[in-house]
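First comes the structure, then the notes that go with it.
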Amino acid sequence: MTPLLELKDIRRSYPAGDEQVEVLKGITLDIYAGEMVAIVGASGSGKSTLMNILGCLDKATSGTYRVAGQDVATLDADALAQLHREHFGFIFQRYHLLSHLTAEQNVEVPAVYAGLERKQRLLRAQELLQRLGLEDRTEYYPAQLSGGQQQRVSIARALMNGGQVILADEPTGALDSHSGEEVMAILHQLRDRGHTVIIVTHDPQVAAQAERVIEIRDGEIVRNPPAIDKVNVAGGTEPVVNTVSGWRQFVSGFNEALTMAWRALAANKMRTLLTMLGIIIGIASVVSIVVVGDAAKQMVLADIRSIGTNTIDVYPGKDFGDDDPQYQQALKYDDLIAIQKQPWVASATPAVSQNLRLRYNNVDVAASANGVSGDYFNVYGMTFSEGNTFNQEQLNGRAQVVVLDSNIRRQLFPHKADVVGEVILVGNMPARVIGVAEEKQSMLGSSKVLRVWLPYSTMSGRVMGQSWLNSITVRVKEGFDSAEAEQQLTRLLSLRHGKKDFFTWNMDGVLKTVEKTTRTLQLFLTLVAVISLVVGGIGVMNIMLVSVTERTSANDIPMDVGAGASYVLYHLFFRYPCKVLPAVGGALGITLSLLIAFTLQLFLPGWEIGFSPLALLLAFLCSTVTGILFGWLPARNAARLDPVDVLARE
């Protein structure tokens with residue numbers, strides 16, 4: 001009869017400083033299907049090392065080990081895990097149950113890595129627990145079970161994928177005598193069903209119940225009686241779980257790992273909340289500062305635009321403060337007409353101004369009287385609360401009409417509902433009111449100067465008696481570069497005057513400077529917020545590093561149930577909060593930032609607080625990457641461990 005497990009000259013050594021310590025010394029052993037074998041020996045004899053090699057948790061340094069005729073030395077880590085999963089079931093002295101899973105869920109674990117569908121897993125787990133007398137304990141957690149019940153759960157787990165070979169490491173060592181007898185009775189039943197049972201023990205009473213007792217001493221077999229010729233294999237032990245594709249195993253394991261992650265979060269609510277708090281605060285800080293900072297920037301830019309954006313002012317002289325008489329009359333009405341004909345000009349308005357007294361009945365105030373064209377209000381984005389601007393007929397006829405600002409309207413006509421049509425004195429000239437320009441609300445503050453506007457032809461011809469302009473304001477068409485327009489304007493007037501006796505002031509340059517300044521400030525504030533996010537990420541990293549490091553012990557790495565290195569990797573990475581926790585924290589942080597923004601909107605109604613999808617996405621990705629980076633690395637290191645090293649940590 002061909003042996004099920006065949007070992008020839010197996011040697012296993014471990015480094016100890018500069019030397020190699022040989023633990024197994026030429027072990028040759030055959031174990032047949034359906035046998036119940038006990039391996040006995042004192043502590044340090046090598047029996048546990050032999051068990052690990054038998055169960056494909058470790059590889060021999062030299063020698064040949066065949067399982068059902070297959071040489072395990074030719075298999076890689078994942079293929080070895082598959083062989084282990086399909087042929088072996090482990091029963092440990094300390095049970096190695098997952099504390100946050102129920103008895104039923106613990107039994108299901110081996111089938112998760114075999115790719116079995118959830119419904120099939122559930123039915124199989126319930127069947128096994130019922131067979132072992134735990135049908136009323138399926139929803140109990142390990143802490144709610146006695147030692148004997150926990151060991152029965154571990155036996156059911158060992159049988160989940162068929163368990164052709166049951167390896168029991170001191171199965172009664174942590175149990176009282178009654179529970180120990182129950183466990184041994186179950187092992188006898190498994191033998192009767194056709195399972196091969198290998199018991200590793202130092203208890204002679206337990207070993208005596210086996211059909212064959214193999215004794216090992218100092219790494220060598222000192223007693224190895226022959227196998228019994230007639231072995232009961234009537235039951236057969238074909239694997240319950242059929243081999244499935246790697247992709248199906250991955251998808252099944254991935255889904256189950258995410259489910260386990262949520263269970264882990266729910267089982268430790270306070271720790272979960274405290275761990276997420278750093279991420280929540282960091283995300284909320286980043287998003288809130290970006291959103292509020294952008295709103296503040298838009299507010300400032302709106303104020304700049306209210307002054308007149310995309311405009312170029314032309315003044316006589318070399319620069320501000322130049323009062324040289326030869327330059328005061330540099331700008332003429334013909335210059336205005338020439339500028340208005342340029343293709344890049346949306347509108348152009350002249351300006352002549354003088355401080356005058358305004359009178360209505362017994363009210364007398366000082367104001368700045370400005371001669372402008374009807375386009376002036378469009379250039380500066382001003383609107384009217386009453387009436388309208390000048391028309392071309394009024395400009396050509398030097399009409400005695402005037403537009404008031406809201407401050408003058410309030411002082412001259414405090415009790416009138418409609419002032420259009422009223423007549424006031426501008427200096428000594430009577431003028432009819434045709435409109436009231438709406439006051440511009442600005443976070444930069446409103447001007448204290450009272451202003452009125454008259455047609456520039458009226459101002460220069462009837463009031464001031466001058467034929468030149470104090471300034472010209474040009475609004476550049478949308479789509480034209482303001483800097484290029486300024487160059488063309490300078491070239492045009494220089495050619496007309498034969499010299500450069502004027503200077504320009506481009507508001508677009510001011511706007512760009514303000515934008516650059518606000519961007520710098522916003523970047524600074526964002527960096528401050530990012531620091532808080534990094535601090536929160538470091539806290540999460542610490543928790544995850546500790547969690548993953550702690551969970552590389554055998555009771556949390558499923559290598560003992562046949563998970564390969566790739567499955568251990570995503571088991572640790574996805575099952576624990578390494579991905580779920582930062583993602584949830586990021587979502588809660590974004591929610592908190594939305595609440596903060598809406599609250600600010602109530603207290604700052606003038607601010608247009610909007611949310612950038614890019615900012616929200618980047619903040620969320622940042623928190624998720626934190627979990628990926630600081631969860632993946634420890635999980636990868638854990639996946640590279642040999643199963644026997646993992647078991648040794650317990």
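Every residue, even glycine, has its Cβ placed from backbone N, Cα and C.
Taken from Swiss-Prot, the feature ATP binding site applies to Gly41, Ala42, Ser43, Gly44, Ser45, Gly46, Lys47, Ser48, supported by sequence analysis. Summarising the annotation, Swiss-Prot assigns domain 'ABC transporter' to 5-243. Residues or ranges marked as transmembrane segment in Swiss-Prot (evidence: sequence analysis): 273-293, 523-543, 554-574, 580-600, 613-633.
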**Fill in**
Rounded mean pLDDT within the domain 'ABC transporter' (5-243) lands at 86
**Item:** Shell of the ATP site beyond Gly41, Ala42, Ser43, Gly44, Ser45, Gly46, Lys47, Ser48, same chain only (C-beta within 8 angstroms of their C-beta centre)
**Value:** His202, Ile216, Arg217
**Message:** Sequence gap of 6 or more, Cβ distance under 8 Å: name the residues on the same chain that satisfy this around Ala42 (ATP binding site), in order along the sequence.
**Reply:** His202, Arg217
**Request:** Rank the binding-site residues Gly41, Gly44, Gly46 by the number of other Cβ atoms within 10 Å of each Cβ, and give the residue at the low end.
**Result:** Gly44
**Request:** Run through the Cβ atoms and count how many others sit within 10 Å of the one on Ser43 (ATP binding site).
**Result:** 7
**Chain-internal residues near Ser48 (ATP binding site), provided their CB is under 8 angstroms and they sit 6+ positions away** = Asp169, Val200
